[in-house]
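Structure first, then comments.
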Amino acid sequence: MPEVQTDHPETAELSKPQLRMVDLNLLTVFDAVMQEQNITRAAHVLGMSQPAVSNAVARLKVMFNDELFVRYGRGIQPTARAFQLFGSVRQALQLVQNELPGSGFEPASSERVFHLCVCSPLDSILTSQIYNHIEQIAPNIHVMFKSSLNQNTEHQLRYQETEFVISYEDFHRPEFTSVPLFKDEMVLVASKNHPTIKGPLLKHDVYNEQHAAVSLDRFASFSQPWYDTVDKQASIAYQGMAMMSVLSVVSQTHLVAIAPRWLAEEFAESLELQVLPLPLKQNSRTCYLSWHEAAGRDKGHQWMEEQLVSICKR
C-alpha cells in the first residue's frame, strides 16, 4: 500500500506568517491614519514625513492583503477590513503603551481630545458641569460634545470616534460596558393655566389628556417608553425635537408632558408650569455611562471615566 505523504508539524508551522517578520512600527502608523483619516495629519501626529507615512501605508496594504484606505474627498476612508482591524490593533497598542515606564497619564499637562455624547435632555445639566470641571483640573484637555444618539453610535464607540455616551439607554452587547450613574424621577408637567388640571392625576386619566413629546421618530427618543402602544401614541398632539421645545409648547397650551423632575423644576417658574407626580409604573429612568471595552485599558480613558462618574453621581 503506498505511503501517504503528510506535512511535518514543523513545515506547517513555518508556513504561517511569523510575527518576528512583521514590522510592528507599522501598527502605530495604521492607528494614527485610522484616527486622522488623512495622511498629512497622521504624519504630523507621528512626527514623520508625509512620504514616510504613505510608504508605511503601502506596506500595511501588503501585510493585510487589503487596500485598507481609499481616497474620499480631501482625505481617505477606511475599508471594511480596516475597521475590522482597528479595535484589535488599538487595544494591543494600548496594552503595550500602558506597560512602558513613564507612560502614566498626566491630566494637568495632557492635550488629549475626548469625544463625549451627552444625550438630551441630560446635556442641558451635565455638559456644563463636565466642561467646567475638566477645564479646572486639566486645562489643556479638550472635550468635544454632541447631544444625540443615532444608528452609528455603536460603530463610533467601537472605533473610538466617540469615547463615552451618557444617556438613559444602556448598551446590551457584551463588548460594551454600561455603568448606572443615577436614577431620575419623572413627573407630569402642565401649564398653571390649564383649565382642568389643578392637581395630581390618576393613572387612568394620564392618557385622556393630549400630550407633547420628544419626536418618536428620533433614534432612542426620550419619550418612547411612555408611548409604546398605538393607543398611547394617539394621545400625542405635538412631537418636538428636544425637551425644551416640548416644555415651551406645554406652557402655552393645554397639553401635558412627561419630563425629568430636575428639568421641570428648573423651568417651572419661568414657564409657569405645574410639576405633578407621574402616576405610572415607569416613573423613573436610569442614566448610564457607556463605553467600548477596548477603550477601557487606556489610562487616559480610565481617568476620564473616573471624572465622569464623580461628576455625574448623585
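Cβ coordinates come from backbone N, Cα and C, glycine included.
What Swiss-Prot lists as DNA-binding region is 39-58. Tertiary neighbourhood of the DNA-binding region (39-58): same-chain residues 25-26, 28-30, 32-33, 68-69, 76, selected by CB-CB distance under 8 Å and a gap of 6+ residues from either end.
Summarising the annotation, Swiss-Prot assigns domain 'HTH lysR-type' to 22-79.
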Residues of the DNA-binding region (39-58) by DSSP state, where helix covers H, G and I: 17 helix, 0 strand, 3 coil
